[in-house]
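These notes are about the structure you will find just below.
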Amino acid sequence: MKLAVYGKGGIGKSTTSCNISVALSKRGKKVLQIGCDPKHDSTFTLTGFLIPTIIDTLQAKDYHYEDVWPEDVIYKGYGGVDCVEAGGPPAGAGCGGYVVGETVKLLKELNAFDEYDIILFDVLGDVVCGGFAAPLNYADYCLIITDNGFDALFAANRIAASVREKARTHSLRLAGLVGNRTDKRDLIDKYIDCVPMPVLEVLPLIEDIRVSRVKGKTLFEMAESDTNLAYVCDYYLNIADQLIARPEGVVPKEAADRELFSLLSDFYLNPKSNTTKSTADEEELDLMMV
C-alpha cells in the first residue's frame, strides 16, 4: 500500500507522518517513509538527524545508479521504520516532481520499492503543482492533514481537487482528513458537509505533539519514558488500523474556490448564527435524551 500525505505548510504533516509510520510498524507492517521536501526534514523525528538525500547521493555518484547501494540512501529509524529523503533542486531552480521521480526510479533499481508493506510519501506544503502532485501518481490513498482553521481547509480543498484529477488515471482514493492539534472540529464538519469525505481522526491540542518535533522523537519514543503520553499514541494507532483495513475512500468533488471562501468566511463573520445553530442542536439532543 502506498500513501501520500498532504496538507497546508506547517500543519504538522511530517510529525503526523512519522507517528503514523511507527504505528503501522507496531501493527507488524514493514514501512518506508519517503520525505518529498527540499528541506529534507520529514524523517527527522524518526532518525533524530537530517539524513543525506537521494539527490545528494546521486550527484556524488555522477548519477551512476549502479554505484548506489540501499545502505547509501535508506536509513533505519525508530520502531524499525526505514527512511528516505528525496531532497530537491536548488531554490528557484528545477522541479520537485523530477526529484520524486528520480527517487522512485532509484528505489526500483535497488529492488527496494516492492519490499515494503507500506510506503508513505510525506509531501511538502500545499503546493500541488504537477511536480509536487507527482507522489499521487504512485499512491493508493491520499491523507490530508488539517486543523479547524480557514487556511488549512482551503488548502485541503485544493489538494482534494488534485486527488480527483489524478484518480482519472489510476485507482487513487482520498482516505480522509486527519485533524491535527485542534480542540474543535466545527469548521471541519462544516467543510465535509459541503465536500463529503471521511475524517479518520482529530488529535486534540496537545503541546507534546509540537515538542516532539523539536526533540526529534516520535510520541511513541517519548511515551517510553513518560507513560502519560501513551493515550496520544492511541490516536495514531487508530489511524493505522483504519489504513490497514484498506478503507473504501472517496474521489472527492472539491468546492469552487469562491463557494468555499464564502462558506468558511461566513463561519467567522457570523459567529452568532453558528452559535445559535449549535445551541439548537444541543437542545434537540437534550430532548431526545429525555
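Keep in mind that glycine also has a Cβ here, set from the backbone N, Cα and C atoms.
Going by Swiss-Prot, these are the annotated features:
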- Gly10, Ile11, Gly12, Lys13, Ser14, Thr15, Lys39, Asn180, Arg181: ATP binding site (BINDING)
- Ser14: Mg(2+) binding site (BINDING)
- Cys95, Cys129: [4Fe-4S] cluster binding site (BINDING)
Pairwise Cα distance maximum in Å, ATP-binding residues per record: Gly10, Ile11, Gly12, Lys13, Ser14, Thr15, Lys39, Asn180, Arg181: 23
Residue among the binding-site residues Lys39, Arg181 whose Cβ has the most other Cβ atoms within 10 Å: Arg181
Cα separation, Arg181 (ATP binding site) to Cys95 ([4Fe-4S] cluster binding site) (Å, whole number): 32
Winner by Cβ contact number (other Cβ atoms within 10 Å) across the binding-site residues Gly10, Gly12: Gly12
Long-range Cβ environment of Ser14 (ATP binding site), under 8 Å and at least 6 residues apart: Gly35, Asp37, Asp41, Ser42, Thr43, Phe44, Thr45, Asp122, Arg213
Other C-beta atoms that fall within 10 angstroms of the C-beta of Cys95 ([4Fe-4S] cluster binding site): 15
Mapped DSSP class for Ser14 (ATP binding site), helix or strand or coil: helix
